[in-house]
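Everything on this sheet refers to the single structure shown next.
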Amino acid sequence: MLIDSFGFGLIFIVTLCLAVPLGSYMKRVYHNDSSFLDFMLPLEKWIFKICRIDPKKSMDWKQYLLALLFIQVVWIVPAFIVLMLQGKLFLNPAHITGMDWSLALNSAISFLTSTNLQHYAGETGASYLSQIGVFTYLQFVSAATSLAAGVAIVRGLTADPGTGVGNFFSDLLRSCTRILLPLSIIVAFIFMIGGMPMTFNGPHQITTLQGDMVQVATGPVTAMVPIKELGSNGGGFFGANDAHPFENPTFITFIVHFIIVLLLPMAFVFFIGYYLNQKKFARMLFGVMTAGLLLLIIPIVKGEAGGNPKITAMGIDRSAGNMEGKEVRFGATYSAYYCAENIVIPAGTAVSVHDSYMPLSATAMLIGMQIDAFFGGLGTGWINMFMYLVIAVFIGTLMIGRSPELFGKKISTKEMQVAVMVNVFQIFVPLVLAAIACFVYVNKNGGGDTLSWLSNKGPHGFTTMLYEYVSSVAGNGSNFGGLGNNTPFWNLTTAVAMLSGRFVPIIGGLMIVGLMKAKKFIPASSGTLQTDSATFGVFLLSIILVLSALSLFVILMAGPITEHFSL
């Protein structure tokens, strides 16, 4: 375990070394400074000309939000149609049938919101056209959307006069052409060298060593996997996700997966410092996020490395840890590290079965997804942290008898109310939906068994349903395998959860910076709260833990904590 922990530490340091210059480059991109990818400018101008968009026209927060929401409708309609009709369309060598309407709607919303909750069975549930033309495309533009929203909020915190927060379409396109696409191409080459397939041929029929004839699915895997990780998406080409050898051929590719999941969310933290010229503030944020990441990693890794006491009671050696549902190539510890990283960064990519993790590990997973601010998703992690930041500044300044200010702009009760409402809504939605699911399960005629939802009952069954909704709201997309979720009930209720979890924080964040942008800039003085200090960082971390962890504590008692004490 010690060697594995040292290895993860090295991976984190390598990611940090890449994130700092990448954050500086992102500042140049969104500040319209010159960069080495300026040769993309003619293509960008051509796209804007075709779409009749003026990229230099600044938008206020309402215009920015309307543009963002409008483009979501433009994307989801054709995606929904293609998924329903994929059985009759081209690029379908495996002859996969079209999706049911509720599954098609759920899948389209899932990838539109960067959640990538997959109620279909990976390579057997989606044609190549759906995998590339729908899912991979949505992974790019959804990541670019959340990145643009995060940038707009950062831009709204500057002291520049006026009410503009930038141009959404310019931010969206630059996110794709200057950041996501170049990085994805680089990573794709690394993965292809590592043995990841990239083909449009159908499944291969092979003879096993036992003499059995089986079909092995391949496809344009390399096109999808890089943006799945870089964009905090998580939806895999195969149902087994990163546990599949075609998505994760070697230990080297596994290390690359580790790095690129965390790379852009970490780089965004340093981008904030460069853009606002507040590098000390960025270091404070980095410290808070890293501390939060460690606080969530430790119980997950410790729980899985320690093994299952019920298996130990059977006289089975547990020195390898809790290997149930783990990828044998990587072991329990590295699988746990990867799980924890993909909980904190809501990519939700999996190299192991989360349903088989220990109860206290599941507790840390639920808390991590609910917080979604310790680096968090690309762009959205900063938005969630911004909500906590507003609350912490408001409470902290009132505690010491000063007026709440953030970057020279006063924070009034309106901003505080919006931040609190967003925070409350993010926990209210999964709890209400989980309560509805429990009610339906218990009161179904003939009992819940007739629904065939759960393979496990009791506290674990409750955790399974709660996890589905918390994961959906957090934009994580991972789930417990013991849930039969491809039903109209789960497809529609999780769709509601994904939409609320995606757009409520974006709306709230843009509204707050819109209110702050309209206020007069106040220069910092000796009475200004130092939001870049280590003391404030500790206070901010405390606020996050109190608001998020305690809001889930009671419901966790009914699920994973009860299960833990029953072992």
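First residue shown is number 1, and so on along the chain.
Note: Cβ is positioned from N, Cα and C throughout, glycine not excepted.
The transmembrane segment annotation in TrEMBL covers 6-26 (among others). Tertiary neighbourhood of the transmembrane segment (6-26): same-chain residues 35, 179, 255, 258-259, 262-264, 266-274, 282, 334, 337, selected by CB-CB distance under 8 Å and a gap of 6+ residues from either end.
According to TrEMBL, the transmembrane segment annotation covers 64-85 (among others).
Taken from TrEMBL, the feature transmembrane segment covers 137-158 (among others).
Annotation comment: TrEMBL describes 179-200 (among others) as transmembrane segment.
Annotated transmembrane segment per TrEMBL: 251-274 (among others), in sequence order.
Annotated transmembrane segment per TrEMBL: 281-301 (among others), in sequence order. The list of residues near the transmembrane segment (281-301) in space but at least 6 beyond its ends in sequence, with Cβ under 8 angstroms from a Cβ of it, reads 1, 5, 23, 266, 269-270, 272-274, 333, 336-337, 339-341, 343-344, 357, 360-361, 363-365, 367-368, 371, 373-375, 385, 531-534, 536-537, 540-541, 544-545.
Annotation comment: TrEMBL describes 382-400 (among others) as transmembrane segment.
Residues or ranges marked as transmembrane segment by TrEMBL: 420-442 (among others).
Here TrEMBL flags 489-515 (among others) as transmembrane segment. Residues of the same chain lying 6 or more positions beyond the ends of the transmembrane segment (489-515) and with a Cβ under 8 Å from any Cβ of it are 60-62, 64-65, 68-69, 102-103, 105-106, 109-110, 112-115, 117, 119, 146, 149, 152-153, 156-157, 163, 165, 380, 383-384, 386-387, 390, 412, 414-415, 418-419, 421-422, 425-426, 429-430, 433, 436-437, 440, 453, 468-469, 472-475, 483.
Annotation source TrEMBL lists transmembrane segment at 536-561 (among others).
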Excluding the flanking five residues on each side, which residues at least 6 beyond the ends of the transmembrane segment (179-200) place their CB within less than 8 Å of a CB in that stretch?
26, 29, 37, 91, 93, 128, 140, 143-144, 147, 218-223, 225-227, 229-231, 246-247, 249-250, 252-253, 256, 260, 263-264
Surrounding residues of the transmembrane segment (251-274) on its own chain - C-beta under 8 Å, 6+ positions past either end:
8, 11-12, 14-16, 18-20, 22-24, 26-27, 30, 147, 150, 154, 179, 183, 187, 190-191, 194-196, 226, 229-232, 242, 280-283, 285-286, 289, 329-330, 334, 337-338, 341-342, 345, 347, 349, 351, 375-379, 381-382
Spatial neighbours of the transmembrane segment (420-442) not adjacent in sequence (6+ beyond its ends, CB under 8 Å) are 370, 372, 387-388, 391, 448, 451, 453-454, 462, 465-466, 469-470, 472-473, 489, 493-494, 496-497, 500-501, 504-505, 508-509, 547-548, 551-552, 555
For the transmembrane segment (536-561), the distant same-chain contacts (Cβ-Cβ under 8 Å, at least six residues beyond its ends) come to 284-285, 287-288, 291-292, 295, 359-360, 362-363, 366-367, 370-371, 373, 388-389, 391-392, 395-396, 423, 427, 431, 434, 459-460, 462-463, 466, 529-530
